[in-house]
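Feature annotations, reproduced from TrEMBL:
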| type | residues | note |
| --- | --- | --- |
| TRANSMEM | 6-27 | transmembrane segment |
| TRANSMEM | 48-67 | transmembrane segment |
| TRANSMEM | 79-103 | transmembrane segment |
| TRANSMEM | 123-147 | transmembrane segment |
| TRANSMEM | 153-172 | transmembrane segment |
| TRANSMEM | 184-201 | transmembrane segment |
| TRANSMEM | 253-275 | transmembrane segment |
| TRANSMEM | 295-320 | transmembrane segment |
| TRANSMEM | 358-379 | transmembrane segment |
| TRANSMEM | 385-407 | transmembrane segment |
| TRANSMEM | 414-436 | transmembrane segment |
| TRANSMEM | 481-502 | transmembrane segment |
Amino acid sequence: MHFSWYDYILFGMMLTISTLVGVYFGFFGSKKSTANEYLLGDKTMKPFIITISLIASHISGTTLLGLPADAYRFGGTFLLSGISMIFVVIATIYIYLPVFYNLHITTLYEYLEMRFDNRTKKLVSFLYIMYSFLILPLIIYAASLAVSTATGLRMTIIVPLVCGTCIFYTSIGGFKAVIWSDTFLCIITQTSVLIVFILGIKSVGGFSEIWRRALDSERLDLFNFEFDATKRHSFWTIVIGVSFIWFNFGSTVIFYGFGVVLIKAICVSLGLVIYANYHGCDPFTTKKVASNDQLVPYFVMEVAKSAPGLAGVFIAGIMSSGLSGLSANLNCLAGTIYVDFLAQFFPNISEKNKCRILKVIVVVAGLVCLGMTFLVQFLGGIVPLTITFQAIANGPVLGIFTLGLCVPRAGAKAAFYGAIIGLVAISTIVVPARYYQSQGLIDDFPKPVSTNSCTNYNQTLVLPSDNSVPNEPFILFRISYFFYTLIGSVVTLVVGLLISYTTSDVATVDEKLITPLARFLLPKNRKAKLAKYQSVEAALKSLKNNNL
């Protein structure tokens with residue numbers, strides 16, 4: 001099953017529009033004469049457009065392909081992630097935002113330099129760069145795989161096409177091209193997902209039948225409160241693990257967070273719809289689908305038989321989500337590399353040349369990610385890889401920020417070496433775990449499937465949900481990947497605390513750099529001095545105003 005000519009027309013239109021957006025902002029829009037204009041759009045974008053773009057950049061092909069397939073094989077437990085987002089928003093509002101908002105800083109990295117030192121700030125910047133080079137090939141791979149499955153074209157053709165399109169409009173058009181492209185592509189993506197979702201429900205016979213089949217197959221076993229850290233999906237795995245994965249220190253999480261949760265819930269529900277359609281004839285067992293990541297395109301091509309052009313719209317949506325995530329991350333990556341690592345070597349450079357350097361960074365980074373994309377297919381499923389790569393970088397970063405905000409005593413050495421050890425610790429777990437996973441030595445606890453309704457398949461197979469694997473690896477390597485971010489952040493925090501309380505590395509910190517909930521930990525004499533200083537400062541300001 002491949003694209004019809006309707007599908008090719010719609011798919012081509014999406015690529016053309018994305019490219020034209022970059023051409024417009026690159027050659028006919030306002031001239032990006034400064035780096036600020038290129039990276040931030042000169043801060044003239046409307047809030048609604050920014051919000052839609054933020055949602056789009058967090059919903060890539062890894063979500064649209066990975067989550068439905070994950071729900072099909074392991075159940076819909078990820079629906080509980082809505083609870084996680086509630087905890088994330090509450091923690092952001094009461095722990096992180098009170099400090100960052102009052103500091104009036106442009107980026108969160110500025111806080112690290114104020115609280116610790118420039119070395120710690122650069123370490124976090126490096127972790128972000130490392131994360132980007134790990135995650136962007138996954139985004140490219142997911143989008144390219146969907147197109148390859150639908151068209152029959154080889155990945156060696158699709159990957160350069162996808163990556164080249166995004167590199168072009170990101171490097172030429174800058175921030176405004178990214179924002180407007182993301183907005184347009186996000187609308188296409190979610191519209192196509194909803195259309196496929198509705199047609200899938202209709203093909204089964206209604207929502208009640210989907211619900212019944214999901215319950216019968218244990219795919220809605222959401223509220224099993226037994227704690228088992230080695231189980232891939234469970235109530236505690238999702239609620240606790242995803243909370244740490246989704247931690248975002250800025251106010252933007254309040255705007256896009258619940259939009260992201262809603263879209264992810266739809267993707268998980270789509271996985272249950274797909275299972276309801278194939279509950280009696282599992283496409284993995286019958287070899288119609290080779291990997292998890294091919295399940296969604298395969299289902300769409302079947303559903304789209306009665307709706308010409310639908311497959312083109314949906315695959316365009318998958319690809320557009322990949323372009324959205326790739327363009328947003330390339331833009332941020334270029335800014336981080338230049339500002340934190342290259343700007344010091346060009347103190348007197350003109351704004352025009354800054355823009356040129358940023359464009360070169362986008363192109364080079366994009367080409368590096370393009371080359372790394374061809375390695376992804378050998379590393380496993382999209383969802384576990386995405387969460388694992390996030391944890392390697394985000395775990396230590398979360399630990400650093402929490403240490404700085406909540407532990408007044410912590411100094412720069414505690415933060416820096418705590419993060420280094422946190423990075424080493426999580427990497428020590430992740431690398432062997434991925435190896436054991438590839439060798440089939442770790443039980444994923446898949447849900448039961450059947451082939452008793454297949455017309456051209458003479459075997460009936462049900463996979464039990466409690467498969468046992470002989471010679472299981474050490475328990476540390478069997479921990480669910482949802483806990484990796486938690487482990488990385490806790491190790492960073494604990495090591496930072498130990499260094500702070502066992503060495504002379506004690507910080508003298510301004511009260512405004514500590515979250516209000518932890519200011520009681522400040523030494524009393526320190527608080528008294530700060531209060532006296534603030535009263536003198538207020539008196540001087542008042543005197544100055546009176547003289548004016």
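For all residues, glycine too, the Cβ spot is worked out from N, Cα and C.
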Contact set, same chain, for the transmembrane segment (385-407): CB under 8 Å, 6 or more residues outside the stretch: 62, 66, 95-96, 99, 108, 111-112, 115-116, 120, 123-124, 127-128, 130-131, 134-135, 138, 244-245, 247, 249, 376, 379, 414-415, 418-420, 422-423, 426-427, 430, 434, 481-482, 484-493, 496-497, 500, 513-515, 517-518, 521
Candidate ranges 79-103, 253-275, 295-320, 481-502 - greatest C-beta contact count to the transmembrane segment (414-436) (under 8 angstroms): 481-502
When counting Cβ pairs under 8 Å to the transmembrane segment (253-275), the leader among 123-147, 184-201, 295-320, 358-379, 481-502: 184-201
Distal contacts, the transmembrane segment (295-320) - CB-CB under 8 A, six or more residues away: 1-4, 6-11, 13-15, 18, 61, 64-65, 68-69, 72, 142-143, 145-147, 149-150, 162, 184-186, 188-193, 195-196, 199-200, 203, 270, 274, 277-278, 283-284, 288-289
